[in-house]
């Protein structure tokens with residue numbers, strides 16, 4: 001009995017091995033081979049076509065499911081499967097480079113790796129495509145990569161200062177409109193025994209977002225200057241605007257919680273929601289989670305003030321943009337789905353929960369909490385995120401270098417480090 | 001040898017304090033999971049006052065918990081089945097043919113794998129498996145079986161050195177073939193070391209995070225429990241209670257199994273390390 | 001398949017086949033592929049790349065980040081090996097005494113070893129923010145009143161403590177096994193000769209524990225040098241690159257910073273490092289073994 005069992009299993013192992021090897025030979029050469037599985041259209045036997053919607057916003061999972069149900073009712077021949085994973089940018093790159101691209105996906109046009117993949121022709125070029133018809137022209141421009149559109153921009157993101165309205169009221173504080181007023185507000189709060197700011201400086205990513213935002217907001221002509229630095233034609237240490245910029249970052253930390261270096265994004269979010277701090281700087285993507293964490297919190301956002309109120313502007317980046325891979329399956333159905341997702345009505349549903357500003361024409365969106373930010377955006381007082389022009393990896397290095405500066409408080413060393421990060425990057 | 005009373009008291013006290021360090025964090029995790037958010041905000045350390053299970057049901061409903069549990073169990077069991085056949089088989093063949101060049105080489109080369117840290121081949125594995133279209137559970141199982149050979153062979157061949165060759169010869173004289181000798185006589189004798197191999201590998205596979213991270217992190221349907229817990233944390237960590245409910249849930253299956261099998265686990269490891 | 005008709009040599013050969021084929025296909029092949037990519041500047045996803053010879057290997061030796069990672073990993077390994085093994089040895093000695101409840105204690109102490117490192121790491125990450133600082137504040141211990149993981153000087157300690165909490169159990173069991181090997185009659189003879197417990201420990205117990213110590217040191221060193229899960233769960237390499245272990249750095253370069261070729265070259269260095277260290281340890285410790293085994 002035992003003998004037979006063993007032989008059988010051994011045999012099975014051998015056979016499966018042989019199959020593996022065969023698959024290995026076939027698969028190894030298929031790097032550029034086209035996908036065999038139906039690159040086109042509905043199956044002839046009437047079974048529905050399945051497409052995968054790989055979307056990167058975890059807070060949108062529920063609303064996307066609603067929209068998918070609606071889409072499937074209108075298009076009985078198509079089944080859409082939503083896929084949302086953490087670290088989605090890595091997973092996306094991984095899948096596209098191993099010929100496993102999802103049929104429809106969202107990505108960020110400012111992401112350097114996406115840009116590189118798009119330029120290599122891994123993504124369908126949608127410039128002047130009918131799918132772009134509904135997009136606001138200014139936003140279409142904003143999301144161009146070397147003059148071309150590879151995705152349909154649906155939603156926009158910006159960052160700002162969250163503040164606890166109850167604390168502000170109880171301390172009789174006004175919303176600061178200049179940087180000096182912001183510091184003044186913080187001092188008053190501190191005097192009253194309230195922590196003015198929370199920082200989530202344990203994650204370099206949060207620092208990166210703040211630094212990129214403030215560089216774009218406060219340093220004049222920063223884009224062209226950094227371009228010169230990356231071409232080896234200038235040094236950051238020679239630009240007088242960077243020192244005050246770095247000092248500002250440090251100054252604000254004086255009004256932060258004691259353990260800012262030990263606080264992660266989630267911790268800060270939870271603590272802000274529980275009223276432990278008056279202000280917290282991050283993106284509008286936290287709104288939904290703050291409300292979930294504490295539905296009773298009375299809060300809103302204001303734009304990060306500048307030295308001079310006339311210079312006030314806020315950074316805008318495309319936060320949801322939908323595209324199709326060049327070698328994707330079922331492109332026709334994928335297009336139908338994008339068309340559906342970018343109609344005015346559905347965009348309103350999609351953006352409604354988080355209150356994101358829209359990239360599509362005539363869409364009413366924006367929650368009351370962020371009205372001051374949406375106002376800035378509709379007034380055109382915006383600038384695109386400057387990191388869209390940086391090669392891969394630089395923004396993470398900037399975040400980590402700033403984190404180091406928060407620890408050793410050495411501004412000059414920080415500027416030198418920044419210079420080594422950027423200097424001559426384009427020629428390396 | 002008797003232990004004197006004061007010494008016994010000191011020993012027990014030391015052991016009890018140590019046990020507190022082990023059980024404390026686990027107790028805290030469970031007690032946070034059993035409370036609502038408001039209850040933990042007011043006092044982090046307070047014990048749960050009632051049986052509040054909503055956090056667990058939220059985690060289970062929100063994520064496909066049973067599916068991930070199934071994935072973990074499936075991957076672990078199938079990998080072990082393959083190992084339990086392949087490792088004793090190759091160990092036996094090698095231990096009885098050490099004087100032949102082929103077997104000696106196979107032994108040396110596979111054994112050298114002990115010195116290759118997983119991270120040294122992490123990136124190429126990902127690329128290689130991608131090319132073979134094996135970035136899925138089948139590929140993962142193949143990887144586990146492969147990576148178990150170095151240690152398995154070390155333990156298996158070492159153990160077989162203590163099983164006298166006379167047994168083989170006697171069975172040969174009785175007219176039995178190699179396979180028969182192996183499956184009927186040697187395999188049952190190897191059971192103690194097989195148990196050790198089983199325990200070591202089941203703990204490793206069940207808890208492994210690195211291989212699933214590079215091979216299965218493309219769709220939630222593929223995830224194993226460690227990958228699930230990492231991803232769940234990334235998504236909803238702002239809710240303490242949910243996060244700890246998820247931690248507790250992911251520890252539960254192995255904890256339950258441990259209660260019933262701890263004697264064998266500890267015994268099996270002891271056995272393996274003496275040989 | 002009629003096995004009876006085959007020569008024994010053929011059957012033996014066939015018995016090695018599953019292992020040999022799998023090993024070649026899924027282990028040796030990746031090793032060689034890895035070496036090949038380490039000679040390129042491939043980013044991991046582009047369609048084209050160039051051969052750069054040993055440029056990556058040269059660059060790595062001048063890369064401050066790699067050298068920092070290396071020194072972090074080595075320091076971490078020393079802390080963890082020392083911490084794990086001393087806890088394990090003390091507990092093994094206690095649990096080898098004829099105490100009534102030792103079975104129960106053994107089970108309790110072993111439990112963390114069956115948990116996954118990622119779960120334990122994530123759990124302790126939360127504790128370091130919300131459990132330890134309040135305790136530190138109450139006790140007036142300044143360094144404990146902050147998140148250990150938020151400071152480059154203490155983050156290594158936070159990770160190591162977590163690792164020790166979970167990792168002492170297996171060496172403990174191995175030590176217990178070694179202690180059960182110490183022949184009773186030798187100890188009794190020593191007692192009659194009037195040897196003190198300390199003398200007995202150093203002259204009898206320790207020599208018998210050397211083989212176990214070898215196994216434990218080799219395993220613990222390998223575990224320390226390859227630390228990855230805890231880093232991902234607790235610090236993500238931060239603050240400011242201060243806790244980037246070798247394994248984490250390879251993953252980071254290869255999978256998210258898109259320096260695939262560079263990452264594989266780092267991996268080759270790590271391979272060489274661990275190979276050499278393991279070899280030295282086994283040679284050194286094997287010399288001290290007594291009798292037995």
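Every residue, even glycine, has its Cβ placed from backbone N, Cα and C.
Note: TrEMBL annotation is automatic and uncurated.
Beyond its flanks by at least six residues, the transmembrane segment (B:12-34) meets 40, 44-48, 51-53, 55-56, 240-241, 244-245, 247-248, 251 of its own chain at Cβ-Cβ distances under 8 Å. What TrEMBL records for B:12-34 (among others) is transmembrane segment.
Taken from TrEMBL, the feature domain 'ABC transmembrane type-1' applies to B:69-261.
What TrEMBL lists as transmembrane segment is B:73-94 (among others).
Proximity of distant same-chain residues to the transmembrane segment (B:106-126), defined by a Cβ-Cβ separation under 8 Å and at least 6 residues beyond the stretch ends, is recorded for 90, 94, 98, 135, 143, 147, 149-151, 153-154, 157, 210-211, 214-215. Annotation source TrEMBL lists transmembrane segment at B:106-126 (among others).
The feature transmembrane segment is assigned by TrEMBL to B:141-164 (among others).
Outside the transmembrane segment (B:185-206), and at least 6 residues removed from its termini, the chain residues within Cβ reach (under 8 Å) are 72, 75-76, 79-80, 83-84, 87-88, 91-92, 144, 148, 151-152, 155-156, 159-160, 163, 167-168, 171, 176, 225, 254, 264-265, 268-269, 271-272, 275. Annotation source TrEMBL lists transmembrane segment at B:185-206 (among others).
The transmembrane segment annotation in TrEMBL covers B:240-260 (among others).
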Contacting positions for the transmembrane segment (B:240-260) when only residues 6+ beyond its ends and CB under 8 Å are counted: 26, 29-30, 32-33, 35-37, 40, 55-56, 58-60, 63, 65, 69, 72-73, 206-207, 225-226, 228-229, 232-233
Sequence-remote contacts (6 or more beyond its ends) of the transmembrane segment (B:141-164), Cβ cut-off under 8 Å? 75, 78-79, 82-83, 86-88, 90-92, 94-96, 107, 110-114, 118, 125, 129, 134, 186, 189-190, 192-193, 196-197, 200-201, 205, 208, 211, 215, 272, 275
